[in-house]
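Peer 1: I'd like to ask some things about the structure below.
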Amino acid sequence: MALSRLMIRDFRNISVADLSLAADFNFLVGANGSGKTSVLEAIYTLGHGRAFRSLQSGRVIRHEQPEFVLHGRIEAGNVDARATSVGLSRNRLGDSTVRIDGSDGHKVAELAQLLPMQLITPEGFTLLNGGPKYRRAFMDWGCFHNEPAFFTAWSNLRRLLKQRNAALRQVSRYQQLRVWDQELIPLANRISEWRADYSAAIAADITATCAQFLPEFRLDFSFQRGWDKESDFGELLERQFERDRALTYTASGPHKADFRIRAEGVPVEDILSRGQLKLLMCALRLAQGEFLTHRNGRRCLYLIDDFASELDTGRRRLLAERLKATHAQVFVSAVSADQIRDIPDEKGKMFKVEQGKISLQSEV
């Protein structure tokens with residue numbers, strides 16, 4: 001699975017671009033602020049419905065333009081399969097249109113299913129040293145792509161938690177919350193089971209990849225479901241009613257889950273250098289993408305912003321070798337071509353990005 005064509009209009013500093021892409025490596029080279037990260041962000045937005053550098057859609061629309069428009073052509077990877085066209089537009093009011101094979105009315109979740117991707121950026125350390133929400137997102141990405149019913153259950157869980165938290169400000173007795181909890185409890189248990197199963201299933205892939213990237217450390221991974229593992233969730237909600245009512249939110253549950261990583265028994269953020277943390281982050285993203293391939297035959301797109309950041313030559317070469325071994329489509333940004341010489345790829349393409357204009361510089 002790969003993007004064979006990408007069209008961008010009025011996204012960030014890019015007025016218009018129409019790119020024919022390589023199925024292997026695509027390199028984006030340009031000075032800081034040139035727009036190379038904007039290309040990565042356009043691809044990410046096409047697959048997620050949102051940008052990774054801003055949660056406000058208006059900020060990614062080019063100055064004085066009413067909307068951005070993104071189009072892509074997805075090749076399935078075999079000769080007999082039909083290509084899929086996808087599109088996303090959004091105006092300054094936040095109204096979106098998702099188009100698949102020429103028809104409107106689709107949901108962003110459908111784009112995410114068609115374009116599984118892994119993002120590695122200089123800000124991606126939050127996966128390791130940020131709050132639990134970043135590691136929940138890591139687990140939920142895997143559940144979303146491996147369990148068809150997950151997204152609906154997850155959406156319903158969010159809705160019920162929001163309603164329950166609003167009700168906590170108004171009720172005086174737990175019995176008044178039962179209408180929400182009767183639906184919430186089975187959803188919470190189901191989502192927790194999916195997360196636990198996924199975390200256990202991917203553990204071997206993560207361990208093997210981390211052993212290549214950080215052989216000097218013994219790493220341990222543990223899933224924490226968000227409430228006491230000895231407690232029944234329904235009983236816990238009733239027991240903690242007064243506490244939740246005082247807080248005006250639900251203090252325990254799958255929305256508090258975490259996926260903890262330790263090195264030699266110590267949280268990785270306390271013992272690893274920034275370069276080692278980046279390698280670990282890359283290992284996690286690669287392991288997750290490869291697990292998807294092993295499980296159902298689908299390949300991710302890998303988006304890597306500022307490839308050389310935090311990595312010496314040896315580590316860049318190791319990352320390049322592992323990326324090539326995935327046989328997936330990879331997009332890499334760098335300030336100069338020197339920073340990506342460790343990624344020789346005879347089938348790749350190199351694009352020069354300058355002030356929002358993108359041109360094919362060479363076939364690698």
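In case you wondered, yes, glycine gets a Cβ from its N, Cα and C as well.
Relevant sequence annotations retrieved from Swiss-Prot are reproduced here:
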- Gly30, Ala31, Asn32, Gly33, Ser34, Gly35, Lys36, Thr37: ATP binding site (BINDING)
Peer 1: Fewest other CB within 10 angstroms, which one of the binding-site residues Gly30, Gly33, Gly35?
Peer 2: Gly33
Peer 1: Suppose the ATP site is Gly30, Ala31, Asn32, Gly33, Ser34, Gly35, Lys36, Thr37. Which further residues of the same chain have a Cβ inside 8 angstroms of that site's Cβ centroid?
Peer 2: Ser38, Ser333, Val335, Val353, Glu354
Peer 1: State the three-class DSSP label for Gly33 (ATP binding site), counting H, G and I as helix, E and B as strand, and everything else as coil.
Peer 2: coil
Peer 1: Measuring CB to CB from Ala31 (ATP binding site), give everything in the same chain under 8 Å that is also at least six residues away in sequence.
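Peer 2: Within the chain, Ala31 (ATP binding site) has Cβ neighbours under 8 Å at Val335, Glu354.
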Peer 1: Taking the Cβ of Ser34 (ATP binding site) as centre, how many other Cβ atoms lie within 10 Å?
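Peer 2: Around the Cβ of Ser34 (ATP binding site), 21 other Cβ atoms lie within 10 Å.
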Peer 1: For the binding-site residues Asn32, Thr37, which one has the sparsest Cβ surroundings, going by other Cβ atoms within 10 Å?
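Peer 2: Comparing Cβ neighbour counts within 10 Å for the binding-site residues Asn32, Thr37 gives Asn32.
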